[in-house]
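The domain 'Ribose-phosphate pyrophosphokinase N-terminal' feature in TrEMBL is assigned to A:10-115. Annotated domain 'Phosphoribosyltransferase' per TrEMBL: A:135-274, in sequence order.
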Protein chains: 2
Amino acid sequence: MSAIVYPLPGNEVVAHSLAAEIDGEIGKLVVRRFPDGESYFRYETPIDGREVILVASLDRPDEKVLPVIFAAGTAKELGASKVGLVAPYLAYMRQDKRFNPGEAVSSIYFAKVLSSWIDWLVTIDPHLHRRSSLDEIYSVPSATVHAAPLVSEWIRGAISAPLLIGPDSESEQWVAAVAADAGAPFVVLEKTRRGDRDVEVTVPDVDKWRDRTPVLVDDIISTARTMIETVGHVRAAGLQAPVCIGIHAVFADNAYVELKQAGAGEIVTCNTIGHDSNRIDVSGLIASAVRRVLPI
Amino acid sequence: MSAIVYPLPGNEVVAHSLAAEIDGEIGKLVVRRFPDGESYFRYETPIDGREVILVASLDRPDEKVLPVIFAAGTAKELGASKVGLVAPYLAYMRQDKRFNPGEAVSSIYFAKVLSSWIDWLVTIDPHLHRRSSLDEIYSVPSATVHAAPLVSEWIRGAISAPLLIGPDSESEQWVAAVAADAGAPFVVLEKTRRGDRDVEVTVPDVDKWRDRTPVLVDDIISTARTMIETVGHVRAAGLQAPVCIGIHAVFADNAYVELKQAGAGEIVTCNTIGHDSNRIDVSGLIASAVRRVLPI
């Protein structure tokens, strides 16, 4: 029997595409808050012993984790054969070690919480730093997919003369790869330190690139600080308004507006987190990963 | 070695009193939100292999559960001998069965989540309906204490001629007990149904009680609907403004103001949830329960 794909609130678009791609059924559920702040959860579409796929992007995770747990627990009680979680954006990846004494290594605890309720996990570009894979923290099988090829494809299709820009030398490898894939040149901003508080940031070969559209790419746009700074340097050098691309549109507080005000051109994100800037659809990518884990 | 009592934010008063009562040390911790909505947690006072007591009232639970999990996980990793949770108010007690098909029995899942991170639990007047004790859903040892004697004691001390009032016949047993303990008379409102939509609610023997101060008592004041209605009937009968007492000051949305506007006199609660209306201190009660579980 086909799988049922249940979107938690806000995940309807990706869930519908996913259901179509894997020949699954789309299911309905209800999540709401009681006046006292507790969450209510109910499946409207019966489960009937089938494979259940929950789609829940986990930005702003604290409010979302109990509904996901309630969904997983209820599905199992109601006889689901397996309960998988598709989290296009996965939270709590940054605090992956104890940087200071007494700190919670939240990435481990969050993984442990989720792993005890779900049977498998699919996500896109989790923010892996000191971990080489999710398997180090998640005890359930997982599949990770990367949106970079979709980003390169979007750049190829939408921008006639792009110039990829890396904010610093650390970003060179990642920017170089996206640029190569997009068939575009790239530069990395140069820092010249003249004193403790006097650092000049310049675009190399700036005259050569005046006719090109600068393109900035990052995995997560959260506070957008790095991107806003980079936009400033690019505009100060006299280049065109840069297109700003992020895989995950977290946009903390007022970051989206601030990035626009800083002089960004178009702001483009993948639909891993629902946002006005979503231009790149990841559901095909998710479907390919789900197909890999489904026979588990 | 003495236990360390760590208050999660908002639980400082009760935690300090508890630490004093059990001869424990008070510990410091930091919980804050990153701009992207994730929670950061750190112990400032070292744990040193000691008994750890977290104090965290769990009203508005969805935002609070991950910090409590991070606190418990970190304490264990840092060598705490045992990690207990004092939750003066315990959430997710209402949905204790599947009322409609497909519903999450959230009380079970919430209990399972907490039970897998803590070693014991202490709480005050959990909202038990169809369960006879927390042991049916919590797999860790727990101790439950009741605030009713403190409420009766407060009534005895603060109100010279109280009249306990129950909103309906269901409340009779509970109101009768508090009244007896407070050395006060009680009445239960009478409903006379004249038609489908015509129900008259009256105070029996109303003339007899004009000189007394009506007192309403409930376990949780959340939306305060029942209490507001009861206040209305009491005022309509021409009695004095009733004193409204709740054990747990949940006060959803604007409920506190609405209860005042409905004609309530003084509004009094226990300090299981920090609120301006807190007048009855439960820390002695908590300490007695903690002493019972500590040798576990």
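Keep in mind that glycine also has a Cβ here, set from the backbone N, Cα and C atoms.
Automatic, uncurated: that is what TrEMBL annotation is.
Helix, strand and coil content of the domain 'Ribose-phosphate pyrophosphokinase N-terminal' (A:10-115), in residues and according to DSSP, is 37 helix, 22 strand, 47 coil. On the 0 to 100 pLDDT scale, the model's mean across the domain 'Phosphoribosyltransferase' (A:135-274) is 94. Counting residues of the domain 'Phosphoribosyltransferase' (A:135-274) by DSSP class, helix then strand then coil, yields 50 helix, 41 strand, 49 coil.
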